[in-house]
């Protein structure tokens, strides 16, 4: 990329090839559509065939195919899997690398400011809370699927365990959210280990089937254990979270009264927003820290090659169990948050569709990439809302978008994996070491 | 040549995959400071022997003694803590992790100080300068020879006393294979590392090794010094003259 000639010479042939393929596509479209669109036939008054030409429509269709194939090809060459030759102009490439460096901090700052910017738009705040919940679930599942490579189709089970832990402890014993939150995490982690034991020997498809069944078992137990869980009626009247003991309501003890400001229902929403943001960031921070520790490296090595792991002295049993437990714990935290936000939980909230959605977020985001998962959660949940007007076609659009992303970005939106080990000191390599060996 | 207690002694070891018996009573001794080559045709049980030392598959009967201690039933993941390291067949590096991380994985399992780790790392870089050049690269992007260097380097990072190498020259160009063999010889001479090497490339392996064993159908049929075995007419006929490398 240093020599200027590469900029001028190579794209020229690329553009010719581009136009050529677009021209061929347009020609095929012309042949196909000339009869299908170009000539319109109808039965006339006396049953005879009448026809007339529609060259205008034909021309516009062919033009769309021509332009579209150029756009698609450019799109593929710019952001697609690394091809032999890239047409990306340097300006665009620089822009993209700039974007890559500052996207995460910019997103974080924007997220912190969301309640300030959209203070009066309840809908957007609710949507943001929902997105953040899925970001957290995605990051939690990312530990299991993205790092340890254990395909878990029953992640919603831990979400449910967390939600019911908080719901039941709070309604039966009146325990506060801040006591129940770690308990919900611990209980979910316990169930994670419980799931982990039977699946230790399983891999790939078999593992997926068992975890899928586990998710269903938890849901069915919740439905049928009516004495404890209320069955299909769910648990209602779950207490709202308090600001470390100070309730966020209209009473005289409320936070608004104590601060001497006017009460608004939005205060609670904003508090919930920052609560889930803090929980999600905690998940992210813990994951990033763990990746740099031997246990995190062991998870990733386990994903790559289990046999090699054992030969290197890694206890694969504890490694898998800790991955399940850690992922489940974050699912449990998210579940407790879900319960306190909704105030009501029922088994309907914990169907397989939730597991599939969270898994889709992780896969779409790029397995193991924290930023990718966050972007995918935003795209999936936000996009879902965006296409609400399309109603029946929503799932169709969605499915198509996912297929396209998997074609162009098979490793997910962000397939890049940041290394975790660096040389302690940049030592100069003496030349006698380097000159040997050309294999 | 025979020390009082061999570093590794394998006594009438039997192992099987289901009903198929792969090892039918194998006796092998490896003394400290030796390079021992295990040669034989495909399916003779060479790799199985190496895997059985690591407990996968478990031995049906017989004993594996390491420094006189019975390690036949020690869990696989604890074998590495005994300072036995393995460079498995097919290299089995971690392709999506960087060279640095691959090497660190070797050091993670054993308790060592940062200084020891860095010293070992420098030793690996001296042996395989290519790895230093490729330090930040993903393991999967290395060439076959570099991957083999990485697999050996990763095994060395656990600072082993006994190194098990399974087919280190498999699929490598002769020049690269020679580099690998040279590195093994250096490790043995300079660091006093004991090596058990499984090879199809009998010529190279026997020239490198102090002693060799020939394995046929799960049994040791011949044993002797490397030079002796190279002279045996049946070895020459079976593994050298008709083989891939004359």
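Including glycine, each Cβ sits where the backbone N, Cα and C put it.
Values in this document were obtained by computation on a predicted structure and should not be read as measured data.
Looking at A:392-408, A:409-425, the range annotated in TrEMBL as transmembrane segment turns out to be A:392-408. Below 8 angstroms of C-beta separation, residues 111-112, 114-115, 119, 122, 125-126, 128-129, 132-133, 135-136, 139-140, 142-143, 147, 241, 243, 248, 296, 326, 330, 333-334, 337, 340-341, 370 of the same chain, each at least six residues beyond the ends of the transmembrane segment (A:269-288), sit close to that stretch. Simply put, out of A:58-79, A:173-194, A:356-380, A:392-408, A:356-380 has the most Cβ pairs sitting under 8 Å from the transmembrane segment (A:131-161). Listed as Cβ neighbours of the transmembrane segment (A:356-380) (distance under 8 Å, sequence separation of 6 or more from its ends, same chain) are residues 103-104, 107, 131, 134-135, 137-139, 141-142, 145-147, 149, 152-153, 155-156, 284, 287-288, 300, 402, 405-406, 409, 411-417. Tertiary neighbourhood of the transmembrane segment (A:173-194): same-chain residues 157-158, 161-163, 165-166, 218, 239, 241-242, 244-245, 321, 324-333, 335-337, 340, selected by CB-CB distance under 8 Å and a gap of 6+ residues from either end.
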